[in-house]
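A short write-up of the structure that comes next.
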Amino acid sequence: MIKKIAVLTSGGDAPGMNAAIRGVVRSALAEGLEVFGIYDGYQGLYNNKIKQLNRYSVSDVINRGGTFLGSARFPEFKDPNIRAKCAEILRSHGIDALVVIGGDGSYMGAKLLTEEHSFPCVGLPGTIDNDVAGTDYTIGYQTALQTAVDAIDRLRDTSSSHQRISIVEIMGRHCSDLTISAGIAGGCEYIVASEIEFNREELIQQIERSIIRGKRHAIIAITELLTDVHSLAKEIEARVGHETRATVLGHIQRGGSPCAFDRILASRMGAYAVDLLLQGKGGYCVGIQNEQLVHHDIIDAINNMQRVFKADWLKVAKRLE
């Protein structure tokens, strides 16, 4: 029977992480467990940055963006000797189990601790990219989506005033959920997803045809890493004769107070993680599917479950262009 658990946040921050930490801490305390916070992710674990938390440690954090525990990327965790030391540090504090909040890289760390050192870990999906398998939504995605839509709305105001074409680069790495959803909600004329081969010439020809039909401005939503959006803007302007500007939303998408959906999702997932650990279930990750909380083997989430590309959503977006 576990008596002490720890929680850490790892990788890129996401709105709602604080709500998830709060969900873990208060649920665990309600079950009579002691809770420890690990500061700065796996790097902080390696450096023994561990502090006991109480219910007041998570007061007034549910509405705050980021993560008060801090986060850091720690590639050294790939070293089995580093992982062995981390497991030793956890046990030196009497900690019996660990909740890890982050993306697929964070899950891998939890998987290895569970496999190599029989240390029970549960993963919560915390990333704005919505690219974690085994869940319909990740913590932070809905807030980042609203941030992107707000930016698109503002760009449309100025683009329509100046007959300008605006390119908006949206985060997501190799998952275009944010781009497609923001593109539909923002009424973007063109959506360029990473899951489909990008054809610059085809895009420019589409814009040219729109201008011939009398289109005075346009918004192009494009997933990051596909192309240099500033060079694309110059090429479009040279070809179609309309002023074209590129806006990279960047890390602004990660910040801000989490929306109600993310606060509730994170709170529920945090409590569910504690329930799993109390049942002796380590090596799992939590998700939400069809409005129900679920858990999967963390190895499956990393290796076997493929994210479903929103091809039908993109088809709808194309019809609305």
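Glycine too: its Cβ is placed from the backbone N, Cα and C atoms.
What Swiss-Prot annotates here:
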- Gly12, Arg73, Phe74, Gly103, Asp104, Gly105, Ser106: ATP binding site (BINDING)
- 22-26, 55-60, Arg156, 187-189, Arg213, 215-217: ADP binding site (BINDING)
- Asp104: Mg(2+) binding site (BINDING)
- Thr127, Ile128, Asp129, Arg164, Met171, Gly172, Arg173, Glu224, Arg245, His251, Ile252, Gln253, Arg254: substrate binding site (BINDING)
- Asp129: active site, proton acceptor (ACT_SITE)
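Following the DSSP three-state reduction, the secondary structure of Arg245 (substrate binding site) is strand. Between His217 (ADP binding site) and Arg254 (substrate binding site), the C-alpha separation comes to 28 Å. Highest local Cβ density among the binding-site residues Tyr56, Phe74 belongs to Phe74, counted as other Cβ atoms within 10 Å over all protein chains shown.
Within the same chain, residues at least six positions away from Arg173 (substrate binding site) with a Cβ under 8 Å of its Cβ are Asp129, Asp131, Ser194, Glu224, Leu225. If you draw a 10 Å sphere around the CB of Gly187 (ADP binding site), it holds 14 other CB atoms from the protein chains shown. Counting other C-beta atoms within 10 Å of each candidate's C-beta, the binding-site residues Asp104, Asp129 are led by Asp129.
A Cβ within 8 Å of the Cβ centre of Gly12, Arg73, Phe74, Gly103, Asp104, Gly105, Ser106, the residues given for ATP, is found for these other residues of the same chain: Ser10, Gly11, Gly41, Gly102, Gly109.
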